[in-house]
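Participant: Below, the features straight out of TrEMBL:
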DOMAIN    23-150  domain 'Anoctamin alpha-beta plait'
DOMAIN    183-681  domain 'Anoctamin transmembrane'
TRANSMEM  191-218  transmembrane segment
TRANSMEM  224-241  transmembrane segment
TRANSMEM  298-322  transmembrane segment
TRANSMEM  334-353  transmembrane segment
TRANSMEM  381-402  transmembrane segment
TRANSMEM  443-464  transmembrane segment
TRANSMEM  598-620  transmembrane segment
TRANSMEM  640-659  transmembrane segment
REGION    696-739  region 'Disordered'
Amino acid sequence: MADLASLTKQEGKVPPGLKSNFDVDFVVHYKIPLPATERAEAEAAFIQLIQALADVGFATEVRNGGKSSLLVFVKIASNKLLTSQVYRYRVQDWLYGVRTAAPNQDLTKYFDDEPVTEAERLRLAYLLITKAKNEGGAGITPRVGQWKYVASVFPLHDHGFNRSWIKQWSTKYYLDDADLNQIRDKFGERVAFYFAFLQSYFAFLLFPAVFGLGAWLVLGQFSWFYAVVNSLWSVVFFEHWKTKEVDLAVQWGVRGVSKIQHPRPQFEFEREAQDPVTGEIVKVYSPFKRLARQLLQVPFALACVVILGGLIVSCFAIEIFITEVYTGPFKQYLTFLPTVLLTIFMPTLSTLLTKLAERLTAIENYETQDAHQASFVQKIFVLNFITSYSPIFLTAFIYVPFGKILVPYLDVFQLTAQKFTTEGKPLPTKDWEMNPDRLTKQVIYFTVTAQIVNFATEVIVPYVKRKVFKAVEDVQTEIAEKKNGEDRGPKDVPDEAEFLSRVRNEAQLDEYDVTVDYREMVIQFGEQLLRHSLLQSRETKQPADKKTGYLSLFSVIWPLTACSFLVNNWIEARSDAMKIAISSQRPIPWRADSIGPWLNALGFLSWLGSITSAALVFLFNRGGGHEAGESHPNGSPWNISGWALLLSIIFAEHLYLVVQIVVRNVVAKLDSPGLQKERAERFAMRKQVLEQTFGDQHVQEESSGPGMTGGEKITREALEEEAREASRSVSGTGSPEQM
C-alpha cells in the first residue's frame, strides 16, 4: 500500500517495492483458519485452488501473507493464452453488436493495430479465475462454498501510474478526455464513467452558480422565472448526460456492452430447459417466485420510513423543544443531544438496513451481476433518500406551515423530563416562535459543513485508522516475539521484502465500490435542486422589518451554494482518486456503457425538483392564501388553500414534462460525435462487406446503372476535345444559333 508521502516523492526516492509488480496479474489472499479442526479442510482446498489455477493456464507463486494467511501470486503463463482469450471476447463483442466489424484473423497484424490494454488484460484474467469450470474458467468465487477461505482476489496497484496520476490531477482545474482515457485504460470503463459524470456535473454547475448570483442581485425577491430556469437546467443536464454517455460508449468501444451480462455464481436455478431462441440448455428460475420476493421491497421501504424517519422526526422534535422552547439549565449542552443521538443510532440503523437490503437482493436470486446490482441500488437509493432529504422536507413542509398546531405536542418532552427533576417541578419554557434562521443553518450545513465532514470520513479517517491499527499490530507482534523469544513474522527474501510488505498491506484494504461515489453525486444533485428552492424561499419567508438584514446575509450564502459544490466536486474528483490509490484495493476493470441504474435516479430527482419548487413557491412567495399583509406561512395551516397548492404542483409537473419532451427532441436532432463515429464505422463495414461479396469492378458497374458505362474518367482535356468535335460537326452547315 502506498501512502501520501510515497505519492509525493521524487522518482529516485521511491522505495523499490513500489516500482514494480513483477508482472503479477492477480493476488489471491488465502486465509488459514486457526482451529486445528479446520486446518485439514483448508489445506485440501488450497491444493485444489492451485490445481484449478494451473488447469486454466496460470503460473503461481506462494508467499507468506502474515498472520494465518498465504499470498498466491497469479500470472497468465503464456502470451498465446492471453491473445486467444482477447480474440474470443472481441469476437463475442462483434456477435452482440458492440463491435461493428469482426476481428481480423491475422492476429499479428490485428494486435499491432489494436493492442491489448492493461484493463482488458486484467479483466479477462479475472474472468478466467472466477468463471465456472464448464465455461473454461477456474470457478473460484471468494468466500463462497469450497472457496470460503479465499478472502479476496485483487490486482496490484501500479504505483508509478498512481503517483503521476495524483500529481497531474492536483495541478489541473478541468479534466479532459485524455485524463478519462487514462482512467479507462487502467481501471476500466465503469470507473471511467463515474469520473466522466463527475466532470460533466462539475461543468454544468458553472451556470447555476453564475445565474444564481445574477438572479439574487437583479430579481431581488423570489420569482417564477428563476424556478423555471432552474428546472430547465436540470432537464438540460439530464438529457445532455444521456447523449454524453452514448458518445463515451462509442469512443471507448463499449456501446451495448450491457447486453453481455456476466452470470452470477450465487444464482440457484430450479431446472434446466432449452432456450427457444438459441436452442441451448439454460438454467431457469421461476419468474413468479422472483416477483413474489421482489414485492418484499414494499415492506422494506416502509421499514426504512418508520425506522429512519422515526429517528429523524424524534431528533427533529427534541431539537425544536430544546432550542426554541426550553429555557432551563444546561441548555447550551442539551442542544447537542439530537446530534449525539443521530451520530450513535443513524450509522448503526443504516448498516443494519443495508445488510437487510443485501439479503433481500440475494434472495431475489438474479442470474446476472448487472440485474443483482441494479436491484440493490434501488434499495440503497431509498435509504439515502430518507436520510439525506428528510430534515429539509421536515423544515420546509412541516415545521414552517404546521408549527403552531404541532409544537404544543412537544410538551411530552417537558413532562418526561419533569419526572427526573427534584420534586417534579415544571421545566422553564417560553412561548414558541418560528425560528427564522432554521432553513439558513440547514442550508449552510448541507452545503459546506457536510461536504467537509464527508471528505474527512471518506478519506482521512480510514487512512488514520489503518495507520493506528497497523502500529498497534506491530507493537503486539513485537511484544509477542519478546515474550516467546522467537521471531514469528514472515521470513522474506531481502529482494522481495519491501514488495511483499506492500502486497500484505494492499490485501488488508477494502474493495473499491464505485456505487458509493455514484450515490454521493446523485444525492448531491437532488440536494442542489432542493436547496436552490429553499434558499430562494427564505428570502420571502420573513416579515418586512427583518427582510433587509436577511437579504444581505443571503447575498453571501446564495452564490456559495453552487460555488461550494464547484469547489467540493473539484476536491471530490481528487479525493476519489486518492481513495482508489491509497485507501482501496485496485478495482477490477469492469466494462460499462452508462452509469447504470443511477440514471433513473437522476431522472426521478429532476422530476421531484419541479414538484418541490412549485410547492415552495406557492407556500413562501404568495403565502398560499394567507391574510393580507402576510406573504409566508406562519405555522397556521388552516389559511393555506389546499386546492390551489395542488393545482400549482400539477401545473409545474406538466410544464416539466413538456419542457423535457422539447429538450429531448432538440438534443436528439443535434448530431453528436459519438453517433457520427458509429454511423461511419457501420457504413465502412457495409461497404467492405459489399466489396468482398461482389468484387470492386462489379460494384462500380452496378453503381453506374443500366445503359451506362462505368469507369470513364471525366477530365478537362476530354471536355475541351468534345467541344471541338461538336464545333467542327456543325461548322458551315447550320445557322449561327445552331453553331
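Using the three backbone atoms N, Cα and C, a Cβ is placed for every residue, glycine included.
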Participant: Counting by DSSP secondary structure, give me helix, strand and coil numbers for the domain 'Anoctamin alpha-beta plait' (23-150).
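Facilitator: Breakdown, helix to coil: 63 helix, 22 strand, 43 coil.
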Participant: Tell me, what is the mean pLDDT of the domain 'Anoctamin alpha-beta plait' (23-150)?
Facilitator: 88
Participant: Please indicate, using numbers and ranges, the residues of the same chain that are 6 or more beyond the transmembrane segment (298-322) and have a C-beta under 8 Å from a C-beta there.
Facilitator: 331, 334-335, 337-338, 341-342, 345-346, 349-350, 353, 356-357, 360, 379, 382-383, 386-387, 390-391, 394, 399, 407, 410, 413-414
